[in-house]
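Note sheet for the following structure.
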Amino acid sequence: MESTVVGYRVVRGPDWRWNDQDGGEGNLGTVVEVGKKGSSTSPEKTVIVQWDNGSRTNYRMGYHNAYDLLIYDNATVGIQHVNILCDACNKQGFMGMRYNCTQCQDFDLCASCYHGDKHDLSHHFLLYITPSSVGVKLPPRSSAIKIGYRGLVPGAKVMRGPDWDWGNQDGGDGKIGRIKDIRGWDSESDRSVANVQWSNGNTNVYRVGHKGKVDLRCLDSVKGGTYYKDHLWKLGQKVAKNSVSAYGKKWSFVHGEKVKVNLDVAVLKIMQGDHGGWNAKMEEYVGQEGYVHRITEKGDIRVQYSDGIKWTFHPGALTKVTTFSVDDNVRITSDIEKLRKLQLGHGEWHEDMKMALGKVGRVIKIYKDGDLRVCVNGQSWTYHCECVTAVESSQDVNVTVAAEASSSQQQQQDPSGNVQRLKDRIRVLRKGEDCLDKLVTAAARGDVSVVGDLVLKRPGWVSYFTSRWIKQSLGLSTDRVQKTALQVAAHQGHVDVVKILVQAGANLSIPDQEGDTALHYAVFGNQPGIVRYLLEHGAEVNLVNKGQCSSLHVAVNKSYMQCVEELIKKECNVNLQDCCGDTALHDAIAKDNTEAIDILTNIADAEFTLANRRGFNVLQHAALKGNKRATEKLVRAARQLVNRKKDDGFSALHLASLNGHRDVVEVLLTTGQADINIRNNRLQTPIHLAVSQGHVPVVELLVSRGADLLASDEDGDTCLHVALMKPVVSPGGENLPVIRGIQATLGVSIRPGVALACFLIQEGADPSYLNTQSKSALDLVKRNEAYPLSSSLWIIEGRNLFFEEIRFYLALIGTIQPGRRIAVPNDTSSHVIEDANITDESDAIQQPQLVMSTSVSTTTCKLCHKMADCCLKPCKHITCCMECSQLFALCPVCKGTIESREKIETTDQSKCSLCKTNVADVTLLPCRHRAACADCFQKMSVCAVCSEPIVEVITAGSAKAVAGVSANSLSKSLSKDKEKISKITTSNDKGRQMECAICMERESSVVFLCGHTTCGTCAKPLKYFGVVGGGRGWGVKAVVAD
């Protein structure tokens, strides 16, 4: 039992002493793990339970003989009573625990109906935990205590739970939904998933015990119903099991017991097939008595006869020989057909014998052949010994006498006998019904002797459903339509019974109420031998049930590969679609059934273009599910499907990118040669979708294969816009070399999305590109704008660190030509710039180098722009304040490892450089030095610290940071920009020759709108300008000076 309890739904049990860890009496939980021997946290005979309220810990299931839990439901693991019908809800083959009434004939309830107070509450029931367990007698429910259960039930408010693996289907972490209903997962389990509608309108099903997973957490206490606590089984308590032979029936033969074979020879031949075989001489011993010599390991019976010959028989072929004595009381059989048949050659049949049917008589003589002379009410007849049964007491004789007196009185009241004849007719019909039920029951149990006997008597019954036709003839209800004998025998794997029924003419194609044929049943039961036999004897391989599922659908869905192979051998139609439009290959992909995928993709007639109801063909389905094996096989078999789109424009590459399936993306690009920039109906490319979900490994792969980073969707958004619209998950996985390099370059505690945004910019994404709302990507994260989805994540003490880190990284890469990449080596003392266009050493020398000189260290913090009062050791660079220095692991200037930090005392630099009195609280742009106060800054044209021309200023009362001048602002402030440029060039003409900020050798001849200048040679490859330590990071090239 321990191996199957994962997934069980449980409630607190009799030995509970853990307060309200479960949320209180009646709260539900799920077993998610079984303790192991030697474990210190969860030892053997313990389990770990995930409670619906979110708590999780381990509990005892027999540990130190204590039981903390009760089994509330085991339908979640697929325990099913295949041939049992719930007499309250009429569900055939229900899952979970079974409750059998001991006071009513053949009356069963499922767990829901039992605890829902169906049937008589004063009746006793037997509890069956599994189909093979022994029933445990329960007291009446009328005197039991009922407890309400709560948790993940219909109506409960929920949010994502511990095993959530479904992205943002719920609208994002913390979003709330409500359970609409609890249902099963296909035919694998029942009451194991919850159908949830989220606040964003999405509806889907989520695991609540299926395969031991719990996707949800309950937020409120909603009552779902009630249960009888004392009528549940303790989790871990051993359950006795029936001892059943390989033939599905308990046989009680013992050594030395007298037996004989009374079957027809034709039936016996069939039964002997795999049970000792058939020998023509065995026919001579039919009807002879023998003794049980031994029982074989397989369960067959070895019988020894008086001549010393021994034969091996199927146990169902043997009948025990009862020994009678003179003066024994015996009861005559009430089965008139049986009596007529057995009496041939044994006293024969007389119509007067009818009066003795079912009555008790006395043995007055025993003949040598075993026949008995029995006296009943003064009249004696000779009976075959199998027509009578021993009566142990005289009580039945008294009952018979009383019955005879009653019958005599009734005859006086009904002299014509019409009433009695009508009753006899009804009794005969009901007896026929009992026999039909007996046939199906015997077929389900594999009782070959009973099946063979009944088939010989009533060959027309082999294709009837249990009870249906008899009840129709009586005008009774036919609600309890069950199965044919062939269907149940095929499911249970009773080959001998199947052979008897097929040879007797059973209809192979007749469906049950769900449309399933005998072939479906054989596949459901994973009986490849019976599947083969049925197909060889005319079963239609392509019949579908009411769900439009063929037998192949069932075999693939259940991963019964031997059945799949048998069906394929008979050339079944692999292109049949079920009610959801799925082919068998769709199912194989969803189940990750690699064997079925290999078989089905190699079939010449397979039509891979068929789409299901959701519009997915098999390749798109494989991309959606992340099935690499299926994708590889399909790309090779049907290359034309790679760029085929659904109705919404999604291709296989879109689906794989959206769901983060990197391996599938690589197969589609490499083997399938997919269009990397293919667009859907919203003009989104695969990289748009990968970025939107934060699938960094997929993004890196797409970029490395040449994805267009400037492609815009219907809203004009590029992938950089998408990256900055909402938080992105932290980069994970090992295959992220470039992202890891950016993290090392920043040298700060990385926040989600920063490295991805910086990576996209480095690879060519344009931060100034405007969408249809005239917003650039960086406009989405400026300091004074509320961050769309999670502002509290980024705004720390008024500083938008997300924006600052991007701005800082732009400053680091600003002097690198387009197409260049930063490679971060193990030696952090320097940086190497790699360029695919460099052909020799002379070219490499002429390329501008990344400047990391200490001379660019400023007196303002790179992040918060307060006074830089922290000296980083051992490099001694002063580049940030003490508060922000804790964010850096490496020095932003030299990339050396920071071993310690030292606070430095402020000097006169904190005073205005002109008046020397007031605090310098005005930040000068673009250099961002604080060198003047509010009274004196208007007198300055250049910075007193670095002599940089002043373009703009930030006063103490304004925002702490502004974005650089973007291209879209040029048209609005062209005259102002010209005036600034004029002042800068005039300042140059007045006597101070400015050197190039990049090469530091040639004179500056190009001025950027941000105020920086370079020489013409260094300016040519630049689209944006960046200076290490500069505040703006980039600006638009505006003027080339003569």
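Every residue, even glycine, has its Cβ placed from backbone N, Cα and C.
From a predicted model like this one, the values you see are computed outputs, not experimental measurements.
Feature list (source: TrEMBL):
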DOMAIN    1-75  domain 'MIB/HERC2'
DOMAIN    81-133  domain 'ZZ-type'
DOMAIN    144-222  domain 'MIB/HERC2'
REPEAT    481-513  repeat 'ANK'
REPEAT    514-546  repeat 'ANK'
REPEAT    648-681  repeat 'ANK'
REPEAT    682-714  repeat 'ANK'
DOMAIN    861-895  domain 'RING-type'
DOMAIN    912-947  domain 'RING-type'
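Packing against the repeat 'ANK' (481-513) from elsewhere in the chain are residues 82-83, 85, 92, 247-248, 267, 270-271, 273-275, 314, 439-440, 442-448, 451-452, 455, 459, 461-468, 519, 521-522, 524-525, 527, 529-530, 533-534, 537-540, 543, 545: each is 6 or more residues past its ends and has a CB under 8 Å from a CB in it. Per-residue pLDDT, averaged over the domain 'RING-type' (861-895), rounds to 73. Sequence-distant contacts of the repeat 'ANK' (648-681), counting only residues of its own chain at least 6 positions beyond either end whose CB sits under 8 Å from a CB of the stretch, comprise 167, 615, 619-620, 622-624, 626-628, 631-632, 635-636, 639, 641-642, 687, 689-690, 692-693, 695, 697-698, 701-702, 705-708, 711, 735. Break the repeat 'ANK' (648-681) down by DSSP state and the numbers are 16 helix, 0 strand, 18 coil.
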